[in-house]
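Participant: Provided herewith is a single structure, encoded as structure tokens, for subsequent inquiry.
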Amino acid sequence: MHRGKGMKFVGDSRVQDKEQRNTIPKDYSEYPGRTEAFWPNYLLKEWLVGAVFLIGFLCYVAVTPVSLEQQADPNNAAYIPLPDWYFLFLYELLKYEFAAAEYIVIGTVGIPGLAFGALLLAPFLDTKPGRRPSQRPIATGMMLIGVLATIWLTYESVVAVDWETREEYSVDNMVEHEVDETHPGYEVYAQNCMSCHGGVLEGEPGLGPDLLDLPHTADTIAEISVEGIGDMPAGMFDGTDEELQQLANFIVENTDTDDGEGGDEDTEE
Amino acid sequence: MLQKLYDWVDERLDITPIWRDIADHEVPEHVNPAHHFSAFVYCFGGLTFFVTVIQVLSGMFLTMYYVPDIENAWHSVQYLQSQVAHGQIVRGMHHWGASVVIVMIFLHTLRVFFQGAYKKPRELNWIVGVLLFFVMFGLGFTGYLLPWDNKAFFATQVGLEIAESVPVIGTDIKTLLAGDPDIVGAQTLTRFFAIHVFFLPAALFGLMALHFIMIRRQGISGPL
């Protein structure tokens with residue numbers, strides 16, 4: 001702290017009263033009207049407002065449980081990503097042609113960079129002393145455009161989402177799979193397939209897809225087991241023809257097939 | 001008794017000026033909703049701070065159960081909200097509080113902007129305020145991944161792709177955030193956790209301190 005003779009301070013503050021005099025705001029006593037002591041009068045009112053706000057907030061929290069979706073599955077190709085609502089404006093912006101694909105830099109850096117850069121530097125772009133919105137139409141206009149654009153983009157994004165479908169992603173709708181472990185083919189499955197397709201046909205991230213709703217018949221499955229399909233190499237199955245048949249039957253009977261032979265023996269819950 | 005204690009501390013530390021800076025000042029009429037109801041617009045900044053306090057407290061309690069690891073993160077969140085007493089409430093406060101704080105900081109920004117309160121001599125405080133806004137967005141983005149559900153995972157993947165599209169340094173930014181130029185996985189989760197609970201809150205507290213010191217030093221802007 002500076003100390004010394006002849007130092008002047010502004011009011012009861014420790015701001016020095018020097019040539020920067022004009023940067024110092026007026027003392028509160030110079031404001032017209034009725035001032036009020038912050039402590040304790042005003043603070044008490046603030047606490048009352050805060051308490052009412054907190055009660056309202058807690059009521060909302062109590063009646064609106066937070067959803068948790070099913071555990072992250074990087075192999076889930078069908079999932080449609082959705083950010084939190086306050087990023088939707090950016091998410092929606094990137095859907096426009098001028099801000100997507102080869103112009104993606106315009107959407108991710110250009111437009112948001114200009115908008116938020118202007119926001120950050122607003123005091124240096126709008127330097128005239130007039131404070132009323134009507135005295136600075138350009139600044140006010142730009143801000144209104146920015147706010148309206150953000151609200152519009154968010155609105156467009158929200159109405160485009162199929163919220164009912166998203167409900168199905170919730171953990172409450174998670175399907176617990178079970179397989180018939182007494183099936184003679186289960187042992188064959190455990191030895192040949194489980195390491196990539198999971199203990200209950202649910203798949204393993206990065207290794208193999210789930211086998212929960214295969215459209216194949218038992219014969220096709222037996223063929224795929226031996227010869228492979230897509231990224232699955234041939235020769236994964238190692239065993240006798242009888243075991244192969246048991247394996248194919250096991251998978252068909254435990255998958256949610258539409259036209260396979262075991263369709264009526266659906267063991268999913 | 002209390003006065004004696006205060007005097008004892010004050011004798012040694014000279015805390016009276018600190019106390020005066022924090023509490024002993026006049027509230028001008030034009031910001032006092034008791035005199036002009038329209039002055040409720042001045043509440044948004046205080047409410048932003050209030051919700052930030054809620055976020056810090058609820059977040060501290062969440063970390064008592066949360067495990068930042070891809071095997072256990074999702075299970076720990078599910079356990080928290082289905083088994084732990086009031087876990088659903090605490091997680092709810094943190095989740096909805098994140099939205100409320102964004103709304104409040106947005107309204108506060110609009111109030112300051114349309115009143116022209118950022119003009120000389122308050123330019124620096126405006127810049128700190130906008131930086132606080134960015135930090136809040138960062139907290140929202142990093143916090144979204146932590147439950148490690150599908151919503152979290154895929155939204156983060158999109159977010160990282162956006163970071164990657166930045167010219168020249170895009171891949172470096174993505175690697176810094178995700179721990180790997182391609183994989184969103186174990187390292188991404190621990191990094192986002194570290195950013196969410198250590199790096200960004202540290203920045204937040206520092207900027208908030210600056211914000212408040214400047215307000216106290218300059219006083220609130222006068223009536224229009």
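Any Cβ shown, glycine's included, is placed from N, Cα and C.
Not my notes, these are from TrEMBL:
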DOMAIN    A:28-155  domain 'Cytochrome b/b6 C-terminal region profile'
DOMAIN    A:180-255  domain 'Cytochrome c'
TRANSMEM  A:47-68  transmembrane segment
TRANSMEM  A:103-125  transmembrane segment
TRANSMEM  A:137-155  transmembrane segment
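In terms of burial and nearby residues, how do these features look in this structure?
Facilitator: The DSSP breakdown of the domain 'Cytochrome b/b6 C-terminal region profile' (A:28-155), given as helix, strand and coil counts, is 87 helix, 4 strand, 37 coil.
Outside the transmembrane segment (A:47-68), and at least 6 residues removed from its termini, the chain residues within Cβ reach (under 8 Å) are 170-171.
Long-range contacts of the transmembrane segment (A:103-125) within the same chain: residues 90, 93-94, 96-97, 139, 142, 146, each at least 6 residues beyond the stretch ends and with a Cβ under 8 Å from a Cβ of the stretch.
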Participant: Quick one: DSSP breakdown of the domain 'Cytochrome c' (A:180-255) into helix, strand and coil?
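Facilitator: Each residue of the domain 'Cytochrome c' (A:180-255) counted once, the result is 37 helix, 4 strand, 35 coil.
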